[in-house]
Amino acid sequence: MSSEKVAIIGSGNWGSAVAKIIGRNVAKFNHFDTQVKMWVFEEKINGQKLTDIINTKHENVKYLPNIKLPENIVACPDLIETCRDATMLVFVVPHQFVTSICKQLKGKILPHAKAISLIKGIDVNEHGFRLITDMIQDSLNIRACVLSGANIANEVAEERFCETTIGYRNRTDGELFMQIFHTPSFRVNIVEDVVGVELCGALKNIIAIGGGLVDGLKLGDNTKAAIIRIGLYEMRKFSQMFYKDVKDATFFESCGVADLITTCAGGRNRKVAEAHVTTGKSFDQLEKEMLNGQKLQGTSTAQDMYNILTKKNLCHEFPLMTVIYRICYEGLPPIKIVEDL
Ligand SMILES: NC(=O)c1ccc[n+]([C@@H]2O[C@H](COP(=O)([O-])OP(=O)(O)OC[C@H]3O[C@@H](n4cnc5c(N)ncnc54)[C@H](O)[C@@H]3O)[C@@H](O)[C@H]2O)c1
Ligand SMILES: O=P(O)(O)OC[C@H](O)CO
């Protein structure tokens, strides 16, 4: 008799890649229900519903083309229906949609459900900022872990070897979630540092914009390495300034230095920032033109961070994150990324 049932909230590039892993892994253990519902923000592709395409072709043709999903992954356009009987909720949507998703789920999920966030972002409002895991925990009254790492979705979906990090507060939860994610080519390490893992994932997206600006300016590998080093330093400084329990060791996990390297080499944020320099087009326009419905997280997180830093009068302590914000939103010339440091 299965005691755990997994639901996936989100079906973009990363959501679909992890659906492939989760679908296979739940079938290996008796304690998981083998059917996994995946919530799809419904849209039409050439007149056909994306959910129908996924459920017949077993492929997310828009967000993860040419990768077959296991047949036990069932696409569902109804969020409540997807989650109502799940004991394990996997949140994997762009961070700007979490508030509305949690509002819809409030009171509609099992009280003993547990969550994991695969989201790289933070939530900022007029009162300050909140981690996505805290938003999930507070609004749904359930425990939440986090998973983050050097994980470009397409490479993971093609089963090329990489590592990832799960941050937990409750070790049993961390080990349970590890079972649905760990594979020989997607190696999970678990650490007792939810906040550190989560902030690494959110803040690296800002630095990735910096990596792309440097590529667009053709400044070379030494400059890129400097941006990565200063970025890592500012990520750790910010994390430990606001959360004193964040561990140094977390920055040496896949979620830390490894994700920073991969994202500055091959991610969407890097690619769009490079194009911003070479074409002079705005980030919003390039997101629409280059990403086929996928979302950029680095620019909005840079703005969120800048709002926090200005309120706390801390911009001078975080020159890299500050100058990246100014290039994205205040029209500062991209070369300022090195001149202002
Ligand atoms: N793509 C990657 O390589 C990767 C890897 C690791 C982590 N992540 C993180 O995973 C999270 C999800 O990213 P992704 O790459 O799966 O998404 P994505 O950018 O590929 O796709 C955007 C998704 O948002 C959905 N959407 C659009 N409007 C919506 C709305 N109003 N409400 C709800 N959903 C809506 C779309 O249907 C689509 O599924 C992000 O935080 C990202 O940083 C991504
Ligand atoms: O494509 P990006 O820039 O959103 O980065 C993808 C992943 O977060 C890399 O780990």
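The chain as shown is numbered from 1 upward.
Glycine is treated like the rest: Cβ placed from N, Cα and C.
Bear in mind that the values here come from a model prediction, so they are computed numbers and not experimental data.
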> Do you know which of PHE41, PHE181, PHE242 TrEMBL groups with GLY10, SER11, GLY12, ASN13, TRP14, GLY15, PHE97, ALA153, ARG268, LYS295, GLN297 in the NAD(+) site?
Replying inline: PHE41
>> Among LYS108, LYS114, LYS120, which residue shares the substrate site with ARG268, ASN269 according to TrEMBL?
In response: LYS120
>> Among the binding-site residues GLY10, GLY12, which residue has the fewest other Cβ atoms within 10 Å of its own Cβ?
In response: GLY12
>> Restricting to the chain of LYS204 (active site, proton acceptor) and a gap of 6 or more, list residues whose Cβ falls under 8 Å of its Cβ, or answer none.
In response: LYS120, GLY231, MET235, ASP259, LEU260, THR263
> Cβ distance under 8 Å to ARG268 (substrate binding site), same chain, sequence separation 6 or more: which residues?
Replying inline: MET290, LEU291, GLN294, LEU296
> How does the domain 'Glycerol-3-phosphate dehydrogenase NAD-dependent C-terminal' (193-339) divide up by DSSP, counting helix, then strand, then coil residues?
Replying inline: 116 helix, 0 strand, 31 coil
> Between GLY10 (NAD(+) binding site) and ASN269 (substrate binding site), what is the CA-CA distance rounded to a whole number of Å?
Replying inline: 20
> Which binding-site residues, if any, among TRP14, ALA153, ARG268 have a Cβ under 6 Å from ligand 1, given in order along the chain?
Replying inline: TRP14, ALA153
> What residues, ordered by sequence, lie under 8 A Cβ-to-Cβ from LYS295 (NAD(+) binding site) and sit at least six positions away in the same chain?
Replying inline: GLY12, PRO94, GLN96, GLU287
